[in-house]
Amino acid sequence: MDLIRWIRRNLVILAGLATLAYLILPNVIVLVFSFNKPNGRFNYAWQRFSTDAWTDPCGVPDLCGSLSLSLQLAVWATLGATVLGTMIAFALARYRFRARPAVNSLIFLPMAMPEVVMAASLATLFLNMGVGFGFWTILIAHIMFCLSFVVTAVKARVMSMDPRLEQAAQDLYASPAQTFLRVTLPIAAPGIAAGALLSFALSFDDFIITNFNAGSTVTFPMFVWGSAQRGTPVQINVIGTAMFAVAVLCVLAGQLAGARRKRS
Amino acid sequence: MTQPTTTGGDVRLDGISKTYGSFTAVHPLDLHIPAGSFFALLGASGCGKTTTLRMIAGLEEPTTGTIRLAGDDVTALPPHRRPVNTVFQSYALFPHLDIYENVAFGLRRRGIKSVKRQVGEMLDLVQLGDFARRRPQQLSGGQQQRVALARALINHPRVLLLDEPLGALDLKLRRQMQLELKRIQTEVGITFVHVTHDQEEAMTMADTVAVMNGGRVEQLGAPAELYESPGTTFVANFLGTSNLIEAEITDKSGGELLLTAAGGRLTLPAGRCGAPARTGAAVLVGVRPEKISLTPAEDTGAVPAARNRMTGRIADSSFIGVSTQYVVATPDGAELAVYEQNIERDPRLVPGAEVVLHWSPAHTFGLDPAQDIDAGTDISTEGEAA
């Protein structure tokens, strides 16, 4: 009876812990196997503890090159998609123009369409235009599918903004440029930041569209997929764990900053 | 404020109008708001009062006409270059800035570097010195209202525009803030232009009230003048309550008009008649409920001869505390409202009693009968949504 009562009282916590375990377990496995020293080419069975991979993360040929390429692509794609997407979002939220309904629904297409269809269509387009596959084709593709996420995030924020805030700024001697920089942009910032973070993650992570439009260029996801055919170097686990740690640190920093702001 | 660098400026609107497509929000309007006055634009929602205010602020472009502030034509100036500041209806405080930075915003935009002393003084004026580092959303409605006021006043505008500034506050706080606003206005000497739909608020605070209806100013004057001598049925009904009775002019003698209404004979000073005073012409006779006295029918002889009188039967009475409000039905079916102070309550004044209603001719006013007799009755208590 006591046990049942205890379970009943702590059911929410138990469910929460189970969900957390479900989410975190794969990451824990990745972390653990980053310290493995496999016997063969495949890092699937635990042999013995070693820090070899951590001390030499670039020890596998082409790994760090593909990682650096993916990071560069993610940065540029984020920048391009965020700038363009923010402008589109403002245009859609603030102005009434002839093609507005069309743009409004077309902007969701990259989100709704199966990725593989979009990938194949893009590849066809580039081929027909005679554009050589490589860094630029990947970047164009990435900016395209990141756009819809930025537009969605920023538009929601801009739509919910009280137009009187900008009028109040103008009334308090702010020129149109100052109004935008001092009031509009800071208030829209959380939406823009959310869109940028999403873009970075999506771009860094993307495999299907990239694979169709990369030519002989190899990004990090393509490298991981390619090497999985022939064997999985421990270094992949190292990079994966490091990415996970960076993401967790970012979230923690955000939480701390938010908590401090609330307290002051 | 310790050192007013400027005093209030006057506002002059010449032929200002605003149309949206085929809808006319404000008909061509001439208005002069004297420097240093507390001016109220009063009207129901959609009467054009907020549009007029926004045109003075520069947030709406007038379709025709010119706006002068302290003699300078500002019609073509964008809002950030006009020496006016606005207190918005929803306050429009910047959510990403704390109270201190909200108040300092106007000073910083004009390139003033050392704002600390001025912001401190201004926050003290509105009694929010301890809240400088809070965010707007952490403050109550009344506190946010005071921040909005401080944020505008710190710039020493020539004219302060207030758009329903007390609309979101509860009744008690609103009464308190009305007195507070009036005190601050007297202290800083800035011209205040106040938009409101609350007639009591307008009368409490303003030196001059312009009653707006359908994009036009119906009447303009001091609160007491508007109340005692309304010029239109809208003003008579929108500002307080009026009894309006259809009557006919039967005779003129000296400065007085003799009327018949509902079988009774009434006297109206010719100077208080807003309709053409021809013998035989129709006129609407008005009298405020609190000006009327009730006397039981059996005491008719005690009513002084000079007073206007009508007979009726008490249909309803409700005790309010300071007064008792009666509804009296006249023989021809009209219902008149009567407010009696509870000084000496006559126990015979109960529903069903036959009474004489009587009032001084000086409290009677006459209106043009061509107007809608009910204009302004059903909207006087309506709140405004946005």
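Glycine is no exception: its Cβ is also placed from the backbone N, Cα and C atoms.
Annotation source TrEMBL lists transmembrane segment at A:12-35 (among others).
Residues or ranges marked as domain 'ABC transmembrane type-1' by TrEMBL: A:67-257.
Summarising the annotation, TrEMBL assigns transmembrane segment to A:73-93 (among others).
Per TrEMBL, transmembrane segment is recorded for A:105-127 (among others).
Same-chain residues lying 6 or more positions outside the transmembrane segment (A:133-154) and placing a CB less than 8 Å from one of its CB atoms are 69, 73-74, 76-78, 80-82, 84-86, 88-90, 92, 107-111, 115, 118-119, 122-123, 126, 188, 191-192, 194-196, 198-199, 202-203, 206, 209-210, 213-217, 219. Sequence annotations record features per position, and here TrEMBL assigns transmembrane segment to A:133-154 (among others).
Residues or ranges marked as transmembrane segment in TrEMBL: A:183-204 (among others).
Taken from TrEMBL, the feature transmembrane segment applies to A:234-254 (among others).
Of the two recorded stretches, the transmembrane segment (A:183-204) lies close to the transmembrane segment (A:73-93), with three or more CB pairs under 8 Å once pairs fewer than 6 apart in sequence are set aside. Packing against the transmembrane segment (A:12-35) from elsewhere in the chain are residues 43, 46, 49-51, 53-54, 234, 237-238, 240-241, 244: each is 6 or more residues past its ends and has a CB under 8 Å from a CB in it. Outside the transmembrane segment (A:234-254), and at least 6 residues removed from its termini, the chain residues within Cβ reach (under 8 Å) are 27, 30-31, 33-34, 36-38, 43, 52-54, 56-60, 63, 67, 220, 224, 227.
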